[in-house]
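Data first, discussion second: the structure below is written as structure tokens.
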């Protein structure tokens, strides 16, 4: 068998052999591996990183051996294919040093037959195919998904020097593999034939010898070489030999019959191609070159830069009929095949988007024809025959006379089947050309007249012939034979070789790009490419020249550059070009081109003019000015721009570059000046991230899987999803990373000082903010050299956008001043809001949250914005500002300017041009706090400007119940007041129609030593809004709309003598004591000390608050701590102790043997009636039976309350108009001579009793759900009829509640016949400290019997100060109730607890100067809620274990006289009317949004330490509170 031995240095020998014998794989030639040590073959590197595949055919009898190997040259990644385990193929590979993944086929391949082997790489997966019968895949568990390949593709073995260099091999064990023995052929990578680079000890052979074994494909009769002749490939199907003759040029069962339709290299084989025994055993391709080959065919391969040029100048063409024939084979869609002529006399034949294009112009206009196949395209790598004929024909015209006219009939056919016929226009029938005949391309294809393409042909052309009546030009033959008139440009192979395809690439991310060499296109140039995407925006091509400074003296710092760009914006394709004398921007096509289809773009220029075409639609352009030179000095960027853009200059007209819009989609067939660019190879060489060497469109929409987290908005992109995170507070591709928050207190800022001055015509800005102020700067661009700005600010609760483009310093038509847009309303609600700004030239769009966008158009021709800085919080660059916006107080997040998230970039240190003092993280903001240390302190500021509208904001913190916060008077009766009244905020004003009062809404008094936020506003429609923390109250007033203020604005109070002259609705009698902060007066942030016209009293910066705060142990013996601004005080009322901290003994009397008594009598006109009572006393005794304290009503009423000892246990009995009610502590023995404290409370029929620290005993009356409504309705009934109604209610089984007309308090029990003997201390009853009064010889007290005062009376300073403080804050409303001493408690199993009481008043009903003087009429003047809760147990609750049984009151009563019955009936009618009015009252309405409360007062309260009751009590309290500030009259 004839062989060609390939030794070391085999690259030259192998290539020489292939040139002599033809393409080795076209006719089935293979490589024979003898299995010798040192054998190997190296093919070009297979870039198997991502998605790719290779295939080959294998034939062997060996059971072991290395078939294929490549790696990353000693690091981590490799792929190995070996024969093992009885001739089966085993594949192993690894990525990123992961555990290698291995698969083993089930089918042995060492049967001496040919097998097709295919390896497909897909990131972490690799699949191995054997013939059509087996496919297996395996996945490697790697953190990285792309494989790195550095080495060549080694087949059959490894070079000895590589085996010896251990560090060069990633898989060390591959050195020990046996070499492969057998044959391998048809090695292909991604369907393209791969040729060996070099080899050692490997033979080239076209047909492997028979190996014996009886295979159907092995030799037939003796003397024959096998079943399949002429290089046919044999395979076994159903135990029968089947020949594949597709690559031989023969056909038939055994590939013995000549095929007349020969393709590929087969056309070279003419004459007798049979095999002879006298051929010295030369096999493979060589035998095909023997014998009579008949007519020789002339073929040439063009790779994009080669072409033929035949000079016609000596023998010009002049013809009316002619014919052009040629055959072509290619994989490329576009390319020039033939051209002759110039100006308006030419013929052009080209491949355009896979179809054959013919353009003929004989001087009267172009005739164009396009021939397309029915299915697919002509660029299918198969041979196609083209024939163009032009004949002169005579036709008859119709008109005034019959005239014979000549026309040229043009016919073009492809493969003899697809034909198109047309006519050139009349009068011009002759084709004349004295120029050149171009074949396969030209020096500048884009500049050829009529050329529909700009790139040269890539592929094979065969038998290119032009002929007419006078001449026959066999252009292919003339080129090969070296005719002197034929010039060959480039290295042309006169055979058909495979031309590497210009594979498409995909830019998967906006950040991915490819750098191309500098484009030298000073005078002329062309670029063509195809693209495909569904994304609306992206920079496709960009390059610029050397920067040069603007010659305009008005703007010396403006840098100009020549540039060229093609970009997509909003789905439209734009060409941008500037040659130094002005920019041209052309929309290439009116329709959008982001529909996912392929579009062919062809750009051509010649000096100032040129065209850009999309598919077949061409748009001409002419650049302004005189310059015709395009001077590009930088690289040409494809798909985007590098991340480090320091050296780049972006013209303002290239919007996508400044907006950071990279292209995402596919690009293919890039030709520059007619030369192809293998962008796939460039991407591999540059190791560009995010560039994939293929193009496919996923059918599934990525957004269907909801990939955007945290409510991000999803948009489908090109094989990806795009999340809009601007309104979420998160960042990242999927909105998965929480964005950084910046906190501003009015003195803080963040300033981005850009490295170079920026000039833009398009901006994308988004941010989130949260503020309680109606004014404040959010973001602004500022310039050191001009008034240019793009500014976002809060203005009266709305977002205001201001865009000012300064026309003074440049040559432009003067604009009409800043453009402004407003959006949103009431945005100072302490909620997060999202702002988006989009500017495109003159067009503006402003959006807040999800509201409708506000749009506007800028006046003038100037659209360029200049800025050096991006500022937030405070504007520091103020040189060109006519008015400075108010500083910002609040929070900012997710500030993004043209794709740059500056807050997070600044925090992470990704940029070094960031200056800030704003604080990272969400913080409670207390700006510029000031302390008013006394109630006489105040400041005066300039008059409040609030004529048409008003927005006030401040924060305060105090322990005072009352105080004037703000006051400003004006013309006439106009004024405004903000004050605290009993811990609640009042807003009082008069616009000229009379004073109005709006009470702020809050769940509890605001004097809790915590910060509270107050916003007060009035809009132009007289809508008044008061917001306290999260509670909102609104009111609309009629009449006058303007607040005309004139005098100074007082903060914190006024002069002492001024309080007397304040308007009637103003309660304040003294100033505010506490802290104020963040004061905002209609957008003005005053410094309360520096800006004050004058100050009075003690005012200091900062807010330290009380130096001493209430703690759990501030007061002893269960005393209640009361927080004061200058300290604390203790309420010792219910402790029996006294002193500043309730740790001193209370006033004590000893009752000796024989008994004694202390009696207190109320004056006849001052006898209280109460719904609630509180009693506390300390004692020590050894008696088993005694009465300690008894309170009786006036004679004849029978109401009483008695504290007594029975059988050594303490108990209370009381009667408020029904049967006696008793409550007793049965578990505590108190007659042990030790000191005990007993506390008793009553509210209606409810009662509690506690001894020392024992659990509280609770007593609940029988009743129903009407109790609360009846209690409210009873207020409407005159007192004189109250007893009648109570009697009627008693009949109905309802509990009475009022302890009427209390007359005496008797201490000692002597009158009751059970005199007390022992010690009594610190008696407290409903605000009266009777033992103290006795010791001070009060006139209403009488002492009889053996009673002796122990020691001295406790200091009146402490006791009286506490009592005075208590009394001064008391309210005498009938609705106020006593707070229980402790939460409801299970009688057993719970340890004793100390539960201090809250600061509330006893429910004492007294006559008032503001009420009717009748002492029996106790109709309240101003009902209001008090305390925390009544101790009424929640409905449906089971009795506590061990507690006293709930006693139902008897419904029996004494008989009623007729008059009383009549009065009761009248009262029933009144009651029903009152209930009807109550249920249908108009309470007004306002909106309260508590869904989000971001500013939380996290500090623990240092006010009074009060433990509230469990839900049963809290619920009752809430029901009472909702009736506060309501007045009812009957």
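Each Cβ is built from the backbone N, Cα and C atoms, and glycine gets one as well.
The record from Swiss-Prot ties 805, 864 to Ca(2+) 2, and of the options 785, 788, 849 it ties 788 to that site too. Together with 1199, 1298, 1300, Swiss-Prot lists one candidate of 1216, 1237, 1238, 1330 for binding Ca(2+) 3, that being 1216. Sequence-remote contacts of a segment are chain residues at least 6 beyond its ends whose Cβ falls under 8 Å from one of its Cβ atoms, and for the domain 'EGF-like 2' (699-736) they are 506, 508-509, 533-535, 596, 664-666, 766, 768, 832, 834, 836, 849-850, 893-894, 896, 901, 904.
Within 8 Å of the centroid of the Cβ atoms of 1199, 1216, 1298, 1300, where the record puts Ca(2+) 3, the same chain has further Cβ atoms from 1169, 1170, 1193, 1197, 1217, 1296, 1297, 1299, 1301. Considering other CB atoms within 10 Å as the measure, the emptiest surroundings among the recorded positions 125, 190, 705, 1246, 1300 are those of 705. Computed over the domain 'Laminin G-like 1' (31-212), the whole-number mean pLDDT of the model equals 90. Ranking 31-212, 299-496, 503-695, 1149-1347 by CB pairs under 8 A with the domain 'EGF-like 3' (1106-1143) puts 1149-1347 at the top. Comparing the Cα of residue 695 (disulfide bond) with the Cα of every entry in 1199, 1216, 1298, these being the binding-site residues, the smallest distance points to 1298. Where the domain 'Laminin G-like 3' (503-695) meets the stretches 31-212, 928-1103, 1149-1347, the count of C-beta pairs under 8 angstroms peaks at 31-212. Residues of the domain 'EGF-like 3' (1106-1143) grouped by DSSP class, helix first, strand second and coil last, total 0 helix, 12 strand, 26 coil. Annotation: 1132 carries the greatest number of neighbouring Cβ atoms among the disulfide-bonded residues 708, 735, 914, 1132 [cut-off 10 Å, Cβ to Cβ]. Looking only at other Cβ atoms within 10 Å, the busiest spot among the disulfide-bonded residues 496, 695, 723, 1115 turns out to be 1115. Look at residue 714 (disulfide bond): DSSP puts it in a strand. According to DSSP, residue 1298 (Ca(2+) 3 binding site) is assigned to coil rather than to any helix or strand.
Of all Cβ atoms in the shown protein chains, 20 besides its own fall within 10 Å of the Cβ of residue 345 (Ca(2+) 1 binding site).
It is 714, among the recorded positions 228, 243, 362, 714, 1110, whose Cβ has the fewest other Cβ atoms within 10 Å in the structure shown.
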